[in-house]
Amino acid sequence: MDARFGKNNLDKPGKPGGPSDASRPNKPNRSNKSGKASKSGKPTKFAKAAPVRRDGGLRAGCAREGVAPGAFFCPIDSKCGGCEWLAVPYAEQLKRKQHEVEGLFDGLLDSETAVLPILGMDDPRYYRNKVVSPYVGIWDKKARQMRVLCGMYERGTHRVIDSDECLLENREAKRIILTIRDLMRRFRIEPYDEDTDEGFLRHVQVRVGHTSGEIMVTVVTREDQFPGAKGFVRALREKHPSITTVVQNVNTRQTNVILGDKERTLFGPGFILDELCGLSFRISSKSFYQVNSTQTEVLYRRAIEMAKLEGTEVLMDAYCGTGTIGLVAARGVDGNPGAARVIGVEERPDAVADACNNARHNGIKRAEFVAADAGEYMHRMADEGAPLDVLMMDPPRAGSTPEFLKAACELAPKRIVYISCNPQTQARDAAFLAERGWRIVEMQPVDMFPHTSHAENIILLERR
């Protein structure tokens, strides 16, 4: 394939911190009656920030006309779909999220429920350890040549907004994205056009180990053959010697799904290692790994603290993915003992294989991982009279299912620690459990995604 620049790609729109003080339990806000638990299962999107006039270059927390003190400025904020709340001072963002999360649980919190202050970041910038960028070509009439854009999608569209810096993304990852854009002309690499299904380079994904500093670059192409791949990788590493591995992912489908099924390693081991809560994890291009490493540690430590482990418990990590929080629970954190036995249950066999590898890599023998439906697995445990002390669950945005929750009630653990990236569906599931004799003992919001309207939430449930 001769992946050349040409006039065939005209200008077409593309398709689409540190913790705050949590030591003092406070009573939930009873005045907000608008935030009932939703039955819809749709992701929670909190209120939009009021528009603020902006112009000029990117600034982080600077004084500027039309920008509130303590807020952040970005010249493409009005178009980019990455940040909804960038113009809102960070302290105000945390207050809004706290209020919204508490409102969703109105009627589910009693006078004894400990509702803790949201845990935010000391520095809510550049926190994303995974950066993905599309590449599109437009015809520059004045220069009479192709110009490549890379960046974020415009809000509500699949039109790419060209950007050289982002306040959310890891800075070295962003620089690599831009270097690849500059190398495309030198190596005659044509950007992919999903309308015509032509071109070569579709996306680039960069993952950075927060603790290790290792960097993996995944180049997503339309075709398997990559002319000049060795020279391209050499030139990329000359600019960024911190890159430890480069992978080519091949996606031949005419789709907006980013990654394809086939991969080959162009340089290095094909994965990176990173440390989380004292454990080392292997991360590939397709591995699920939280994008905010700093807040993931905060989240995991609080969830395990809420599980009240004493070293004798049997703990199930449902929806366990690659086993990160289950392995941390098995090892223990901050000098506290871990669970005596951890059972991780996950439907995807590839994720279970990664979890088993992570357990071996860290020398953890009291964790086991099963490829199964968690609800069905719990039903079998209940039929066999198997003990379970703590159920730790972290379902997808759609929340859990009635079948899973019924199985949890049947198995009757002492405690349920429910982690959610969507408090709306979490509140719905908590209402289901409340009807069956469970109550929320403690609630802990965590700000995993500063400058967006999303919040993570942990609730501890015990039987009445």
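Any Cβ shown, glycine's included, is placed from N, Cα and C.
Listed in TrEMBL:
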type	residues	note
ACT_SITE	C421	active site
ACT_SITE	C421	active site, nucleophile
BINDING	Q290, Y319, E346, D394	S-adenosyl-L-methionine binding site
COMPBIAS	1-14	compositional bias 'Basic and acidic residues'
COMPBIAS	31-41	compositional bias 'Low complexity'
REGION	1-50	region 'Disordered'
Q) Long-range same-chain neighbours of E346 (S-adenosyl-L-methionine binding site), Cβ under 8 Å, sequence gap at least 6? A) Y319, C320, G321, G323, V352, A355, F369, V370, A371, A372, A374
Q. What number of additional C-beta atoms lies within 10 angstroms of the C-beta atom of C421 (active site)?
A. 21
Q) Among Q290, Y319, E346, D394, listed as contacts of S-adenosyl-L-methionine, what is the widest Cα spread in Å, to the nearest whole number? A) 17
Q. Once near-sequence residues are set aside, which residues in the chain of D394 (S-adenosyl-L-methionine binding site), 6 or more away, have Cβ atoms under 8 Å from its Cβ?
A. D317, A318, Y319, C320, G321, I325, Y418, I419, S420
Q) Rounded to a whole number, how many Å is the Cα of C421 (active site) away from the Cα of Q290 (S-adenosyl-L-methionine binding site)? A) 11
Q | Cβ-Cβ neighbours of Y319 (S-adenosyl-L-methionine binding site) (radius 10 Å) | A | 18
Q. Other than its own, how many Cβ atoms are within 10 Å of the Cβ belonging to Q290 (S-adenosyl-L-methionine binding site)?
A. 21
(Q) Other than Q290, Y319, E346, D394 themselves, what residues in this chain have Cβ atoms within 8 Å of the centroid of the S-adenosyl-L-methionine site's Cβ atoms? (A) F288, D317, C320, G321, T324, I325, P395, I419
Q) Taking DSSP three-state, what's E346 (S-adenosyl-L-methionine binding site) in: helix, strand or coil? A) strand
